[in-house]
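Everything on this sheet refers to the single structure shown next.
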Amino acid sequence: MYAVVLLVCCSWVALLCPSVQAYENLALKKPAWQSSTEMSYNGAELAVDGLYTDLSWDGGQCAWSVGGQTTAEWGVDLGGVKYIHHVFIQYATDNWVWDEYNGYTGYFLGFSVYISNTTNKEDGVLCFRDTIYTRATIPNPVNITCPYHGRYVIYYNNRTHPPYPEGYSYDVYIELCEVEVYGCPTPGRYGENCSLLCPENCHCDVIDKTCVECVPGYKGHLCYEECGGHTYGLECKQSCGNCSGGVQCDHETGSCPKGCDAGLYGDKCDLECGGHTYGLGCKQSCGNCSGGVQCDHVTGTCPNGCVAGMSGDKCDLECDGHTYGLGCKQSCGNCSGGVQCDHVTGICPNGCVAGMSRDKCDLECGGHTYGLGCKQSCGNCSGGVQCDHVTGICPNGCVAGMSGDKCDLECGGHTYGLECKQSCGNCSGGVQCDHETGSCPKGCDAGLYGDKCDLECGGHTYGLGCNQSCGNCSGGVQCDHVTGICPNGCVAGMSGDKCDLECGGHTYGLECKQSCGNCSGGVQCDHVTGSCPKGCDAGLYGDKCDLECGGHTYGLGCKQSCGNCSGGVQCDLVTGICPNGCVAGMSGEKCDLECAGRTYGVECKQSCGNCSGGVQCDHVTGNCPNGCDAGMYGDRCDLECGGHTYGLGCKQSCGNCSGGVQCDHVTGICPNGCVAGMSGDKCDLECAGHTYGVECKQSCGNCSGGVQCDHVTGNCPNGCDAGMYGDRCDLECAGHTYGVECKQSCGNCSGGVQCDHVTGKCPNGCDAGMYGERCDLACGSYKYGVECKEVCGNCSNGIPCHHVDGSCPSGCDAGAYGVTCKESCGNCSNRDTCNDVDGSCPYGCDVGVYGKTCDKACQSGRYSISCAKACGQNCQGCNRFNGVCEFGCQPGWTGTFCEKRKVFAMTMKTSRFLLNWWIFNRSSTELFS
């Protein structure tokens, strides 16, 4: 392992500054943190921003913590494990000379630097701890050689264990203006420029490839040997002895390739089964050990026995065989269905067998109960004895009025008394008589009486309580005692089952079978003789009003006459209405009115409404006496004009109606319009005014010379006007054509729009690269683009650029670049020509400039070729070409590059001390390397 070596670079003692290899600053712009922050502009990130020209606390370039603290810590995250060579620290000076009189030296004394793979410094290695410097000797800036690998670099200082050496401050600050961590950005590399590979599995020294440390899982001088003997990890110091089958764990991670031994789990098989599990993979359960203790993690056995209700070495068997409790020593039985009682409490889960009760089913039913749950009653046993507790059967029979094995059934079926051997019946509603006495609780059925309802009604009575009378039975016999019905019918003039209703409904006599329905006013005839007391209805006559009127008469007393009925039939004897209608020419209910209202014939249903002058036609034949109205013809004027004729006598002609239909027979108007090409109410006018077709609604106004198109088809006889085409000249030229017959071409209009169909002009100008009214001319004279307003760039050999996009077909002249060769090259190294596509310089930039195209002046604090060099650290701003500090030096410094202290006097004693110190440290480095 390397000894900690401090290399102090003091600008004023050149002999004490060993050369530093060109490693990369791994900390630049990386995330940083500190234990506290003084002001918002003193954040931890300022120590890795690459700026440290202003070393004051408020210059905006230094990280600063809150004062008055006993510890202070600052760190940077390199973003991953890196191979580190050295650490550069620039402490704050407040822009004053750094010497024993500078107030910041006391806060720098005693600092430490750690390299770690976590943000905890204690997890890492100590690179350096100051124990030798004083305010007069501590250097600033300082380079610390630190050949370790790690992700986090941590600066730490403390004042926690006084007393401290003379010159130390009483508290500590973070006062870091810059921390630069130099090393290889890619793990596994070493040497100058980090171009060499470390040995495999080795974290090597960043300088000479010696293995400082092996990667986890490997050991040995060259890190070739994998961990064995059930070890793994960093330096093979971690143990892993429980892999299944005793195999070696993974030498890097410690994981077992084939799982763990029984009773263990975890990636590394270092955890015993818990949570009441055991065995391979801890997949077996053992949760019933006495006292809730864990079973043996390998075998699953319980050390102190089982909880109540469980048995077996592993306490995984519930009590059975009708046992329960601790050790399964208590008995249970009588559970319903013969199931096992609860193995812990002895309770039956589904109740007891019939005749048993209580939780454990160990008590027989009593209190005149039996069966499941003792929920059934059996209180009617003879002598009041208890029934059988299981079946409910009474051992000595039942009390009076009860029956059944269990004496739980009252006598039924109209029986009562001991053993239900006595009969009773006819209780009202069919209800059961009292099962003990036989009496009816609600009286007797209809037709019966007596305590037990066993006597029938008599003396022409019937029904409930024999309270209803019956009479008028034929022969004077007794009616039915229940219903009152007469068994042999009724006397004359009476009806109904009980012969208690007089004949009605216009009937009379025995059984009311004779009719007498025509009495005046609809009154009932005499129910015995059938005579009408007040005469007959209209249309009838006779003593019993049973004869109809005849001889074409009708009405009351048959005194009114009727005639003109169709077929000479008799009219209705009451109303006089003809049943089959009237003879031809007559109408009305009684056929006593001639046809009118332009009708005639049978029932006046035929029309004759077109007689000249609107006169009535003959009511029988329908003939018109004075001829027909216009548009009609025939004897009865009932035929409309046809054959394309209309008007009086159908003597006027009409034609050209759409679809060849007949025009209106009176006016000659076409009902559905005209055939194509015709117009007017009567369709007798050809289309005109540049119209054609159906209803002359189609336009055809673009015929050559302005002539009328064909009135039917719309075709132009002599062709079209300029800009139009098609048989009807109704289509504008398209497809980038224009003019007569669309034979002239146009194109290149802006946006690809169609030119004017007549003139060919472009409405919105031309496409890029074209000009002229019709956009048919390409740009010339080294012009290009929209309206040819763009001037070509510096094309090679003076060749014109492309007229559309301005691109140079053969590239650019020297000194120009870009698609259009309008961009000028920057200041390339050695005055080289830049790339004519992107302007990049093939061999970098000239002095004083940087950037992809070498056109940016060096930023403040940088100079030389491609601005690769930094101005002197004591320079207030150097010349970007040669690095000369043309804006002056920091206080206390002078020289062209501000490399000299203004005041310096070194005694021989001081020189000898510093030389001896350097020699000692160099010897220490060689001794411990």
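Backbone N, Cα and C atoms are what each Cβ position is placed from, and that goes for glycine too.
Those TrEMBL annotations? Automatic predictions, nothing curated.
Feature list (source: TrEMBL):
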{"type": "DOMAIN", "residues": "193-224", "note": "domain 'EGF-like'"}
{"type": "DOMAIN", "residues": "235-270", "note": "domain 'EGF-like'"}
{"type": "DOMAIN", "residues": "281-316", "note": "domain 'EGF-like'"}
{"type": "DOMAIN", "residues": "419-454", "note": "domain 'EGF-like'"}
{"type": "DOMAIN", "residues": "511-546", "note": "domain 'EGF-like'"}
{"type": "DOMAIN", "residues": "557-592", "note": "domain 'EGF-like'"}
{"type": "DOMAIN", "residues": "603-638", "note": "domain 'EGF-like'"}
{"type": "DOMAIN", "residues": "649-684", "note": "domain 'EGF-like'"}
{"type": "DOMAIN", "residues": "695-730", "note": "domain 'EGF-like'"}
{"type": "DOMAIN", "residues": "741-776", "note": "domain 'EGF-like'"}
{"type": "DOMAIN", "residues": "787-822", "note": "domain 'EGF-like'"}
{"type": "DOMAIN", "residues": "866-899", "note": "domain 'EGF-like'"}
{"type": "SIGNAL", "residues": "1-22", "note": "signal peptide"}
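A mean pLDDT of 87 is what the model gives for the domain 'EGF-like' (649-684).
Helix, strand and coil counts from DSSP across the domain 'EGF-like' (787-822) read 5 helix, 6 strand, 25 coil.
Look at the domain 'EGF-like' (649-684): DSSP puts its residues at 5 helix, 6 strand, 25 coil. Cβ atoms under 8 Å from those of the domain 'EGF-like' (787-822) belong to residues 765-771, 778-780, 833-839 of the same chain, restricted to positions at least 6 beyond its ends.
Helix, strand and coil content of the domain 'EGF-like' (695-730), in residues and according to DSSP, is 5 helix, 6 strand, 25 coil. Residues 1-2, 21-24, 83-85, 147-149, 183-187, 232-236, 250-253 of the same chain lie 6 or more positions beyond the ends of the domain 'EGF-like' (193-224) yet place their CB under 8 Å from a CB of it. Non-local neighbours of the domain 'EGF-like' (603-638) in the same chain are 581-582, 584-585, 587, 594-597, 646-650, 664-666; each lies 6+ residues outside the stretch with a CB under 8 Å from one of its CB atoms.
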